[in-house]
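If you look up TrEMBL, you'll see GLY69, PHE74, VAL119, GLU120, ARG134 marked as S-adenosyl-L-methionine binding site.
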Amino acid sequence: MVAGAGLLPLSRAAAEGFSKYFELLQRWNAKLNLTAIRSNEEILRRHFLESIFCAQGLPEGVGTLLDFGSGAGFPGIPVALCRPEIQVTLAESQGKKASFLREAVRVLGLSAEVFGRRVEEMAPERRFGVVTLRAVDKMESAISTAAERVGDAGWLVVLASSSSRLPDEFDGSEVRIPWLEHGVVLTGRRMFHVEQLPADLDHSVELDRDPSK
Ligand SMILES: C[S@@+](CC[C@H](N)C(=O)[O-])C[C@H]1O[C@@H](n2cnc3c(N)ncnc32)[C@H](O)[C@@H]1O
């Protein structure tokens, strides 16, 4: 299925991890309604393949990743399986989903951290090399909260529809998810922190001004 979707082959360890993860998700989902997608085929196509596509496209040399609003673990757990060199933090504020994530981390033997509260409650100094965001409510405001957690020269990666935008301080590119009609991965690298801009800079005037006048 992975090769058919144009993705790179998985390592044996990752493939075994995905198989255990799928089994665990089916079992918990039957009782706790962790994801609105119920059919096995759609779970594989949407949650698994999209997350693997995201994981395989992450830049090299990344040390830490925050999955903002991880839900049942997408894309954070697939990232931890495909890119074991990245230290993943799964942030999920709903108790039952955070419990599932802790169980998944245990069963899959991952070194990922589960942060079972809102990202806004994390220590203010915590920053990450990459912050991922997928299918979180109120996407616009979630993107700006997520952006605050991206470290210097770090990356913000948003799986969304093509109408979503990254904040101005991110130099972004967009890759279409080949098997989805509207799905894209927006990837942007932080150029500067908003608080580093001079306080007296009036952006609207600077950006609109014609340099010849
Ligand atoms: C619709 S689910 C999607 C989960 C997953 N990212 C996916 O793509 O399947 C969104 C999740 O984000 C969580 N969430 C929303 N805002 C959050 C925040 N500020 N901090 C932590 N979790 C948050 C919600 O509890 C919910 O489980």
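Including glycine, each Cβ sits where the backbone N, Cα and C put it.
Features per TrEMBL, on structure.
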| residue | record | Cβ contacts under 8 Å, 6 or more apart |
| --- | --- | --- |
| GLY69 | S-adenosyl-L-methionine binding site | ALA91, GLU92, SER93, VAL119, LEU133, ARG134, ALA135, VAL136, ALA142 |
| PHE74 | S-adenosyl-L-methionine binding site | HIS47, GLU50, SER51, ASP67, ARG134, ALA135 |
| GLU120 | S-adenosyl-L-methionine binding site | THR145 |
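Of all residue pairs in GLY69, PHE74, VAL119, GLU120, ARG134, the annotated binders of S-adenosyl-L-methionine, the farthest apart have Cα atoms separated by 19 Å. Under the DSSP three-state reduction, GLY69 (S-adenosyl-L-methionine binding site) is assigned to coil, being neither helix nor strand.
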